[in-house]
Amino acid sequence: MRIKTISRSVDEFTRERSQDLQRVFHNFDPSLRPMEKAVEYQRALTAAKLEKIFARPFVGAMDGHRDGISCMAKNPNYLKGIFSASMDGDIRLWDIATRRTVCQFPGHRGAVRGLTVSTDGNVLVSCGTDCNVRLWSVPRPSLEDSDLSSEKSIEPSAVYTCKNALLAVDHQFEGDLFATAGAQLDIWNHNRSQPVQSFTSGSHSVISVRFNPGEPDILATSSGDNHISIYDIRMSSAARKILMRTKTNSIAWNPMEPMNFTAANEDGNCYSFDGRKNEEAKCVHKDHVSAVMDIDFSPTGREFVTGSYDRSVRIFPYNGGHSREIYHTKRMQRVFCVKYSSDATYVISGSDDTNLRLWKAKASEQLGVILPREQKKHEYNEAVKNRYKHLPEIKRIVRHRHLPKPIYKAKAESRAMNDAKRRKDERRKAHSAPGTVVTESHRTRRIIKEVE
């Protein structure tokens, strides 16, 4: 006769310290837990409410500039360093941990419109409306030095002069080349005072430029004639062009999917494209009520942050049509530049009121050291919220955001106009011959044509 015995290790039930909780093993048999769904729903509801209670996204402001912030750049080698430039030509290196200026880079006599840092983090490139490109050596000891009582001034290591004002700059992810945007697109080398290659885009200026993180020789630009162009610097002309109905202010490549990019448009929407198939957008991201001025992807590639002329900052999922978060303050004016921190924990915004603002990427995230039990509790709350997020009460709590009055009124007006246009199109289609009225999808509505 065989007898089954229950054997358990004493080590699994022995507490390491007297303050530890007694370990208990649960039996998850559904027949023994008839109220499991009800209990978990209540826990999800409580977790959604607690997330709203502890939502404190604003960390602090970095004050020091005397004019509006025009552009920013982050150093790929230093987590707590951020560069910013203003419309009066002032360039500063900030320490995010202390929110103080480490050093300044004086020299520009006009608005600085572009900042970028080389891949090794040693060279800062700036350009502006004074037709100058300046190269600066980034001071390494300043970022590691704990004594920030005195601000240092750095002299440029090289100055290159152009014929026209420059509006943007970006550095190659792997290599010594960088590109400047202005009356034409110029490709520069660190060791040469003249462009090694130039591309003309017609009679309109190039507004923004961004190198591809996966292919060093490919870059995307947007111009004042509503074109989005993809260039290969090994060729003599643009490889592809997309003609939009409105102007594109900024472009960002997805760092985890380098074939995809998202364009921040003047009509208040962001459009995600597949660089290999540009006749329609992969996704249209709607929520801003005014022009989107800047865009930046999270290092994870799952989210991106946008800054808009409507004085708000929004965070979008890379494949979602609506934002999951909106940040705003009473004193924040038009947002011209936004950046994700290198660890995807913070968002930095630069606005027209001369301030840089530091936000948490997750509004209710707990800062500081988190114990293992606390981390498991946060993960469990997130899991039950995702499991029951489709239910009405939890969905209402998670989606609710307080909006500034101008944005709230503008959204209501835009919604009324869109509904009226939709009803008009439906009536025109119903009273026309079949096939004569074609309804355009929202993904192709703002695209006029693709030029190869």
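From the backbone N, Cα and C atoms, a Cβ is placed for every residue, glycine too.
Taken from TrEMBL, the feature repeat 'WD' applies to 62-104 (among others). Mean pLDDT across the repeat 'WD' (62-104) comes to 92 in this model.
Secondary structure of the repeat 'WD' (105-146) per DSSP, as helix, strand and coil residue counts: 5 helix, 18 strand, 19 coil. Among the features that TrEMBL reports, repeat 'WD' is placed at 105-146 (among others).
If you look up TrEMBL, you'll see 199-241 (among others) marked as repeat 'WD'.
Per TrEMBL, repeat 'WD' is recorded for 285-316 (among others). Remote same-chain residues near the repeat 'WD' (285-316) are listed as 249-257, 262-272, 322-328, 332-340, 342-344, 347, 349-351, 359, 361, 404, 406-407, 410-411, 414 (criterion: CB distance under 8 Å, separation of at least six residues from the stretch ends).
Positions annotated as repeat 'WD' by TrEMBL: 328-369 (among others).
Taken from TrEMBL, the feature domain 'Sof1-like protein' covers 361-447.
Break the region 'Disordered' (411-452) down by DSSP state and the numbers are 20 helix, 5 strand, 17 coil. Per TrEMBL, the feature region 'Disordered' maps to 411-452.
The compositional bias 'Basic and acidic residues' annotation in TrEMBL covers 411-423.
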Statement: Among 62-104, 105-146, 199-241, the stretch with the most Cβ pairs under 8 Å to the repeat 'WD' (328-369) is 62-104
